[in-house]
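Visitor: Pulled the feature table from TrEMBL, pasting it below:
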- 71-110: region 'Disordered' (REGION)
- 71-92: compositional bias 'Polar residues' (COMPBIAS)
- 110-184: domain 'RRM' (DOMAIN)
- 224-300: domain 'RRM' (DOMAIN)
- 378-452: domain 'RRM' (DOMAIN)
- 495-569: domain 'RRM' (DOMAIN)
Amino acid sequence: MYLCYYTYPGGSHHSPAVAPTLTAAPQAATIPVTEPLLVPATQATLPHQTGLPTLTSQFPLTVCRKRTSDDLMSQSPMVTNGTSPPHLSGSDNEAKKVKLEQSSANGPSRVVHIRSLPPDCTEADVVQLGLPYGKMSNVLLLKQKNQAFLEFLDEQAAVTMVSFHQQNPAQIRMRSVYVQFSNHKELKTDQANSFQNATAQAALQAASAVMGGPTEDGQKRTTLRIIVEHLVYPVGIEVLYQIFSKFGKVLKMIIFTKNNSFQALIQMSDPVAANAAKLSLDGQNIYNGCCTLRIDYSKLNNLNVKYNNDKSRDFTNPNLPSGDPGLDQAMPFGDGKVTVKSPLEVSQVSQMSSYGVPSPMGAARLMTLNAAAAAGNAVLLVSNLDEQKVTPDALFTLFGVYGDVHRVKILFNKKDNALVQMAEPHQAQLAIAHLDKVKVWGKSIRVTQSKHTLVQMPKEGQPDAGLTKDFTNSPLHRFKRPGSKNCQNIFPPSTVLHLSNIPPNIEEDFITEAFQEHGQVKAFKFFPKDRKMALIQMASVDEAVTALIAMHNYPLSDTNHLRVSFSKSTI
């Protein structure tokens, strides 16, 4: 070890500092000096400086050189096959660089290491690659490293896979990947990553089901039929694509309405992806507390998609025409044209639920309306109202069944028309779907999107005759709490009404007499296990609508106000 001393003017004593480990300076360049600058560290005395009148103090400096890239590489904890190798010296650096290519020399293993995966690769894609070689017991996908580990039950299956792909490069989603043996003899996954484990197990179960044999008709199915129950928030092709693409490549999709329910057909790239999606998503909610997926296999083996639009999409052929734009696009809610921004934008906005889809309010705020001039319009135009009976409170109650109403304005010069501002655009779409052309006070009202994006309150001192009202802070909003049970009980107007918040001392006769003031009561029934709730049936939908407007928030006691909503049940 050597120390370099620099003579510094003005000092009179030696620094007691201890210098760190030093590297001798290279001898390529020499500087003419009268005395040596490098002396052994063990030397007892320091060299005597002469010829410089005031140079009396000397300070030790470390002599070092810039580390090359080889030095940095030799000390970096590069991960190879999932393990961190020991630090290697510079002489071993070249051997380390080619270690991945020579990993097969480590000997066969049940665990196969797959590198250079595409960014959108899924566990199902990895399992699909190993499907021809034998049964698999575990899979681990490292998305950030674009790597995966696949464990087979039998070592011979792994040997066959590696041997084959050494001669025939493997591909996943049109990208070449590298297959080799792993240093690991078995694969252990972290139980803390529950979602990753769930998707991995779903892919393995799907592969096991596919390897078990064909279905009854001799086909390994790739097309799924999806029914969305409790459809509170709009669900379109983009939302479904975002969800199902997490389990494999989505080829084609068709959405439609059948038996008054929203349905979809989704063709996946392979049986493993289809089975994995079915096992993972069946019975799950897209949004908290609503939009429940019911998934089964379709009898169709191949979807015939002619147009790329809001009701059908061929993701393998983006050049298909959109078709006649005047055709009904079979959107989830009647004639409303609703689009959702790209899945990428959705995923960046909100927290995911249990299996990786957005929470309802985060995704819903991304929705825009094609029929509106501005994105996010939540204002409705309601026409053909009975101007003798309509009030802001009546419209607040009726439209409040499908969303939180913030403002209502009855037009001064045309009192059979009104503007209703909902809290969210998707709530406006729900109201259009369920209330357009419904009879209210004996007249079929029309509910459409307004060109206005905001209902203006009258200026101070301006006469309004009570035609405009702000309900933003009303305590009667049904959907203030995300995930509320009210989200699961939204139904179109019907003759049967659901009643709740009934105090125990209120009898059937009291309730039926109150409702008979607004129409003929056909039937009434308390819930057997909970007398706080009941069902009441009116003679017609028109009478049921009128009764709901009049009886919702009806005082039954000092502390109990009746809650009324439409029901799908029968008495």
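Heads up, the Cβ atoms here are built off N, Cα and C, so glycines get one too.
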Visitor: Please figure out which one of 224-300, 378-452, 495-569 racks up the most CB pairs under 8 Å against the domain 'RRM' (110-184).
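Guide: Maximum Cβ contact count belongs to 224-300.
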Visitor: Across the whole of the domain 'RRM' (378-452), what does the mean pLDDT come to? Round it, please.
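Guide: So the average pLDDT across the domain 'RRM' (378-452) works out to 91.
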Visitor: Is it possible to list how many residues within the domain 'RRM' (495-569) are helical, extended or coil according to DSSP?
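Guide: Tallied per class, the domain 'RRM' (495-569) gives 20 helix, 27 strand, 28 coil.
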Visitor: Across the domain 'RRM' (110-184), what are the DSSP residue counts per state (helix, strand, coil)?
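Guide: Tallying H, G and I as helix, E and B as strand, the rest coil: 27 helix, 28 strand, 20 coil.
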Visitor: Summarise the domain 'RRM' (224-300) by DSSP state, stating how many residues are helix, strand and coil.
Guide: 22 helix, 34 strand, 21 coil
